[in-house]
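Participant: Shown below is the structure under consideration.
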Amino acid sequence: MALSQFVPFSATELLLTSTVFCLVFWVFKGLRPRVPKGLKSPPEPWRWPLLGHVLTLGKNPHLALTKMSQRYGDVLQIHIGSTPVVVLSGLDTIRQALVRQGDDFKGRPDLYSFTLITDGQSMSFSPDSGPVWAARRRLAQNALNTFSIASDPASSSSCYLEEHVSKEAEALIGRLQELMAGPGRFDPYNQIVESVVKVIGAMCFGQHFPESSDEMLSLMKNSHVFVENATSGNPVDFFPILRYLPNPALQRFKAFNQRFLRFLRETVQEHYQDSDKNSVQDITGALFKHCEKRSGASGDLIPQEKIVNLVNDIFGAGFDTITTAISWSLMYLVTKPEIQRKIQKELDTVIGRGRRPRLSDRPQLPYLEAFILETFRHSSFVPFTIPHSTTRDTTLKGFYIPKECCVFINQWQVNHDPQLWGDPSEFRPERFLTAKGTALNKPLSEKILLFGLGKRRCIGEVLGKWEVFLFLAILLQQLEFSVPPGVQIDLTPTYGLTMKHARCEHVQARLRFSFQ
């Protein structure tokens, strides 16, 4: 029987298909950057034509790329569609790139999803990395520090952050008690969202923040729409056709960003109209004053849109990471009650029940600090930094990386590297304590990657660590968290810019004592 009976193509069709394939192959080969003599491109696994490695990445790119790094090394290359992406793993390699060669890797790729955030003017997501961007970053960092971790002369609290967190933590305890008196159980996530958003809102807008706004709470409770789309490897950034096909996730992302930007514009405008220009009480007021100084006597209008963009970045730096960290912490505490008891014993011994915890107590509460660090490491809920890009042709560990190459930083791999941690799958806060168990092992704690490194390091890192500590200290001093017997907690993370655990509606809180 003739072979042609089993082949559904004619010889002409086969010849034409082969010719087209060869042409496409040579075109793509010609598009590859020429590697300077003596260097080489990063190793790359086999990939599908047109699709690249998108199928290999699957629903958990951090796990897939960690597995690839075990075979191909700390510097490897993948393709998402036709776009080359360099993936960095290994703590030393990432430090080399982002710190020692920070100027080479400080860029951001010009991705479609980034253009939808603050109309493409976000300091965190914008591809700009020049002097103007650096000045904006310094301004945002200084404003955030001034009205968060700097001392507050008008308050008995050590700083603005301590004042706001103490207030909202007590309010949170009150809400949880009401829920226990009613349904007798609760989903902690929405309650945490409300508390954290009020803290960052107070620091950004002071008395002008509409903390009871239904729109604000609705936005924050739906922030998962943002983190699910503004993440490393979003197909819409690499396959342009997906922007024009029916795409409900993309439409929700667009709508969320438009709603949030509109809310910020309205709040900033109201703040500008009503605030006392001679009395700066919050971050937005400080930004207004800075812009007035820059405009001088020229009479130029205050660039409110730039202020909105900066406030958007500051708000983001002080909200989602903190909310996610506290939520993960509570899930670990209810699944590991023995750890919760150790923390509460430390709190009872160091602070007692005569006063509330303060930020100045951090050095005397090493086990609580170790628990927070282990939560950061084990959950690795920020699996990748926001993607970087190279600002010029460069080399890393002997591999050539061309200018404007997209770069993924695999923080999850570092936090689960057996060479660093020995038993990375185990949740063990004691790993971060010294041999005597009375202090933190600071060199080891600095090996956790969660906030990035170098010139793009998160401006809210210090704020985040301090806020998580104080919220947990106040909550655990007064409350004991648990779930009823038989309730299973699902700690499997859902991939995103920040990874969330499955929601649990069966958490309970027992009052240990009250200051009332």
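For all residues, glycine too, the Cβ spot is worked out from N, Cα and C.
Taken from Swiss-Prot, the feature O-linked glycosylation site applies to Ser69. Taken from Swiss-Prot, the feature substrate binding site covers Phe226, and the record attributes it to similarity to another entry. Look at Swiss-Prot and you will find Cys458 tagged as heme binding site, backed by similarity to another entry.
I'd like these features described in context: how deep, what's nearby, how far apart.
Facilitator: Sequence-distant contacts of Ser69 (O-linked glycosylation site), defined by Cβ-Cβ distance under 8 angstroms and a gap of at least six in the same chain, are Leu76, Val87, Ser89, Gly90, Asn410, Gln413.
In sequence order, Phe253, Phe256, Asn257, Asp320, Leu497 are the residues of the chain that are 6 or more apart from Phe226 (substrate binding site) and have a CB within less than 8 Å of its CB.
Around Cys458 (heme binding site), a 10 Å sphere centred on its CB holds 19 further CB atoms from the protein chains shown.
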